[in-house]
Amino acid sequence: MEDGRTSRLNRRAAGTLGRHLARRLVQIGVRDVFSVPGDFNLTLLDHLIAEPELNLVGCCNELNAGYAADGYARARGVGACVVTFTVGGLSVINAIAGSYSENLPIICIVGGPNSNDYGTNRILHHTIGLPDFSQELRCFQTVTCYQAVVNNLEDAHELIDTAISTALKECKPVYISVSCNLPAIPHPTFAPEPVPYFLAPHISNQMVLEAAVEETAEFLNKAVKPVLVAGPKLRVAKAQKAFVEAANACGYPIAIMPSAKGLVPEHHHHFIGTYWGAVSTNFCGEIVESADAYVFVGPIFNDYSSVGYSLLIKKEKAVIVQPNRVTVGNGPSFGWVFMIDFLTALAQKLRKNTTALENYRRIFVPPCLPLKRQDNEPLRVNILFKHIQDLLSGDTAVIAETGDSWFNCQKLRLPENCGYEFQMQYGSIGWSVGATLGYAQAAKNKRVIACIGDGSFQVTAQDISTMIRCGQRSIIFLINNGGYTIEVEIHDGPYNVIKNWNYTGFVDAINNSEGGCWTSKVRTEEELVDAISKATGEQKDGLCFIEVMVHKDDTSKELLEWGSRVSAANSRPPNPQ
């Protein structure tokens, strides 16, 4: 038995749950936590604020806090948000589902009920009026890879550490509920400085790796015109560098799936553009679909990325490389082979073959300039994106909102080190406002250029306020065409028309003469040039909001083609029973 003095020393040395959680977030690379306060999380927020290396960013609503954590994770590798029980948790859950679909590690922390209320028959506020506190947990089980309900101190450290390490290993969000009466209580398991944090590395099965490389090399080396296509799971596997090394070694042309834009350097001399079936970059689709072998590295094939299931590729010609599995044609599939190891080893075995790249260069015709315009002619979208292209550098990052910005931004050629993000798998309109907030907070060395449609902006507009409060300097192009244009091209109806706002007036009202926000409304190319000049000149250190007025039917040709194919896929009649 320990004497009273030893017991007092142990208590004095013990940290608190709140401090432990704050330090763990710092240790994994989080420096900003996006939050909305509520009575169940206030004490926890006090402990997060007390951590000198952690900055608490208060958001206007939970949905945007989740989107901000999503954008932050894209730039920094991991994100975190804190909300209150049920009313906050069920508000943030849509954003967390999006992060799950996009393979982003998010630490979603919820301030939960008092630990004494578990197992009682009490009815609490912020619930649906039943003495069952598991509703929120059950909802999160489908959109997170681990759930921890911390309602006692004995195993709190284990639950928190397991949740965080699982998020990092799985590249998926996790849910941590912390009882509201626990954050300030010391416990011996919370050392003054949390024990060092370590994740065991993924190591491929060497025999299987060698077999996968041999099989793939034989498959590709006998091909006449193979190509290499990057997919979005390159990010999950952290294999961007290994991908480029393989491309350098083999000489194949490099294409990207649309949701992989920004993961592969577009200044690479083998880069040929975006492979997106019928809406591919000019001449890229033809090269990929005419190849006799293609290596898809980290792909996700869904109805959007396959343009309504219309890709002209064949399984027997494909090598599919996933983060921990390789499948060669219709033949063998090799498990526990990790992407970095596989690409690095494969690069040593492939024979140089530039045939497909030479074919591409033979047929390539540079894009023509937009048609000559008249003075003061209404601004066209293709003119807008010509000027956005000129804005890009290694010091910028592009955020593309769901909608026609997907297609217009996809055509931008990214300079070296220019960031690019969009949410293709989940496609939640309004995502980009919070994501811009989070990305800009994580990547302060870059100026974020966000392209947002008016319909999407109306969903999440409030957190322009948080951008101003954080002193961010993004440039937001609000494309005002009077409705949900992407939905119009899939299936039109009166529900696709929205109430028009004075968007610059709205942002001016939020700014309220207190922040460093500058706005401009442009209708012609002359006005656009002047606005961009100011945004990159005298207003370069503040948030710039440029409302771009365009015709409601001014869409990219890619959206027209894509919309008709997705519409056809959506409207397929039921199979006969």
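Residue numbers in this text run from 1 along the chain shown.
Keep in mind that glycine also has a Cβ here, set from the backbone N, Cα and C atoms.
Heads up, TrEMBL stuff is auto-annotated, nobody curated it.
Per TrEMBL, the feature Mg(2+) binding site maps to Asp454, Asn481, Gly483. Taking all protein chains in view, 25 other C-beta atoms sit within 10 angstroms of the C-beta of Asp454 (Mg(2+) binding site).
The feature domain 'Thiamine pyrophosphate enzyme N-terminal TPP-binding' is assigned by TrEMBL to 16-121. On the 0 to 100 pLDDT scale, the domain 'Thiamine pyrophosphate enzyme N-terminal TPP-binding' (16-121) averages 96 in the predicted structure.
Annotation source TrEMBL lists domain 'Thiamine pyrophosphate enzyme central' at 213-330.
Feature annotation from TrEMBL assigns domain 'Thiamine pyrophosphate enzyme TPP-binding' to 423-548.
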Residue distribution over DSSP helix, strand and coil in the domain 'Thiamine pyrophosphate enzyme central' (213-330): 39 helix, 24 strand, 55 coil
CB within-chain contacts under 8 A for Asn481 (Mg(2+) binding site), separation at least 6: Gly453, Asp454, Val550, His551, Lys552, Asp554
